[in-house]
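Lifted from Swiss-Prot, the feature list:
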ACT_SITE  D26  active site, proton acceptor
ACT_SITE  H54  active site, proton donor
BINDING   25-31, 53-55, K62, T307, R313, 339-341, 425-427  GTP binding site
BINDING   D26, E27, G28, K29, N51, A52, G53, H54, T141, R155, N232, T247, R311  IMP binding site
BINDING   D26, G53  Mg(2+) binding site
BINDING   T307, T308, T309, K310, R311, P312, R313  substrate binding site
Amino acid sequence: MNIFEHSIKNVDKGNVVAIVGTQWGDEGKGKIIDILSKYSDITCRFNGGGNAGHTICVGDKKHALHLLPCGVLYENNINILGNCMVIHLKTLMKEINNLGNNILDRIYISEKAHILFDIHQEIDAIQEIRKSKDGNAIGTTKKGIGPCYSTKASRIGIRMGSLRNFENFKKLYIKLIDNLMDLYNIKDYNKEEELNEFYTYHLIFKDKIINIISYINKSIDSKKYILIEGANAAMLDIDLGTYPFVTSSSTTLGGIFSGLGIHHKKLNLVVGVVKSYLTRVGSGPFLTEQCNEIGEYLTKKGFEYGTTTKRPRRCGWLDLPMIFYVKYINCIDIINLTKLDVLSGLKEIYICIDYKNKTTGELLERGNYPLEYEQLREYEPVYEKFEGWDEDITNCIEFYELPENAKKYVLAIESYIKTPIVWIGVGPTRNNTITRKFD
C-alpha cells in the first residue's frame, strides 16, 4: 500500500509520514520503513547515531544499518542525516562501502549534526566502568552517543558544517580533544592519525554537507513524498522515557521538528511500530519481563539479539499501559504490529492491560506512566490471557488466513489502543507482511 496516496479510516493521506517506535526499540521499524521507502522520494533520520540498528531482509540478504536511513536500498530515494544526529564518520563510511552502488550520490548530511570521534567511545567505556562499580551501569552500546551529546550540550562539540573548511576544523578538533583528554585523564590518543582520516572525510563529504532545513521544506512544498525514520524508541527518550535508562536524544515526535527543521503542521501521518511482545536491551525496569522458559523461547525464536551490541534482549509480554502513554505523546494515527509469527507455538499468551498499585489496588489511569524506577515498583501488571496457536503463519498474506486465535489477539490489541492496525509482520522479509484493508 502506498500510504502517501491512501487514506485509512479517519486518517487523511499526506506527503510527510513519520515512523516511530513505541517501546524500548527493536520493534522492527526497519522493515516497515523499507517497505514504505519504495514510495517515498526522501527518507530522513532525525536523531541518534550508531547506537540504532535496523536490520532489513531482502530475499536471502541481510542489511544491518546503523546510521544510514533505510531508503538507501532504493535507487529513487534521497537520504538525509538530520540536525540532531551524532555521526561517527568511520562507521558511516563502512556502511556506504558495504552497500556500494553509488550510495553517496543519494546522501545529504545536515551541517548542524555533530561529529562523534573515537574519543567519545573511549569516554563512554570509562563512564560505564565507573558506574558499574556502584551498580549503576546503564548498559549503553558504548558507541560514544552520550559523551558526544554531552559535548554538544556543553557547546564544545564540533558540527559537520565545520568539516567543510579543514583548517578551521583542525583548530576546533585539537582544542576539543585536548580538553577531553585532560578531563578524563586519557594519556594516549593518536590525534595525528585521526586528523589524517578526517582530511579524507573532508574531501569525501564536503559537498554532501548542506542546510537540510531549506532542502526538506522546499521538498515538502513541492509535494515530494517524505518518510521520516525514528531511531531507538519512545520509551528511550531522554526526557519522556524511563530515565536514566534511556538514550541521549529526543526519540519522540518533538525530536522530528528540531531534527529536521520542519514545523508540526507539515507532518501528516504518524505510524507507531509495536512488537507483538516486549523486549529491552540493557538495564532498567521491565514489569512484564519473563525470566523463565517463556522469555528464553521468545529470545531464541524471535532471534532477539541486538543489531548493534549482539547482546541477548530481555523478553516479556506486551505492555499496553506503555502503548497508551506513547500514543498520547506521539499522536499515533495507525499501527504496524510486528513479529506476530514469534508467538506461534505458545499455548497461552498474555497481554498486560493495566497496572495495579500493589498497596491500594487502584488501576493506573490510562495515558499515565510511572517513569521513575521507584514509582514503577509500586505497580504490578494486570494480564488478560489469550489462547495460543500452533500454525506457521509466515506464508499468510491476508488477515483472514491467520488462525482464529491469532486474529483474536490482533483485534484485542486494536480494540484496547483504539488505533487501526494496518500492517502485521508475520516473518522477517518484506513479503512477510499482511496489509489490512479498511475501505
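Including glycine, each Cβ sits where the backbone N, Cα and C put it.
Keep in mind it's a predicted model, so treat the numbers as computed, not measured.
Recorded features from Swiss-Prot, shown on the structure.
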| residue | record | CB count, 10 Å |
| --- | --- | --- |
| G28 | GTP binding site | 21 |
| K31 | GTP binding site | 26 |
| N51 | IMP binding site | 29 |
| G53 | IMP binding site | 20 |
| T141 | IMP binding site | 25 |
| N232 | IMP binding site | 30 |
| T309 | substrate binding site | 17 |
| R311 | IMP binding site | 13 |
| P312 | substrate binding site | 16 |
| G427 | GTP binding site | 19 |
**Q.** Rounded Cα-Cα span from D26 (active site, proton acceptor) to R311 (IMP binding site), Å
**A.** 12
Q) Can you count the other CB atoms that lie within 10 A of the CB of G25 (GTP binding site)? A) 30
(Q) If you compare CA-to-CA distances from N51 (IMP binding site) to each of the recorded positions D26, T309, R313, which comes out shortest? (A) T309
Q | Of the binding-site residues listed as G25, G28, K31, G53, G427, the one whose CA lies nearest the CA of K310 (substrate binding site) | A | G53
Q. Taking each of G25, D26, P312, R313, D341, G427 in turn, which of these recorded positions have a Cα lying within 10 angstroms of the Cα of N232 (IMP binding site)?
A. G25, D26
Q | Cβ neighbour count (within 10 Å, all chains shown) around D341 (GTP binding site) | A | 23
(Q) On a C-alpha basis, identify the one among K31, T141, G427 that is nearest to P312 (substrate binding site); the candidates are the binding-site residues. (A) T141
Q: Calculate the distance in Å between the alpha carbons (Cα) of D341 (GTP binding site) and T141 (IMP binding site), and round it to a whole number.
A: 28
Q) When you measure from the Cβ of K310 (substrate binding site), how many other Cβ atoms are you left with inside 10 Å? A) 8
(Q) Give me the CA-CA distance between R313 (GTP binding site) and D26 (active site, proton acceptor), in Å, as a whole number. (A) 9
Q) What residue among the recorded positions D26, R313 has the most other CB atoms lying within 10 A of its CB? A) D26
Q: Provide the three-state secondary structure of P312 (substrate binding site) computed with DSSP.
A: strand
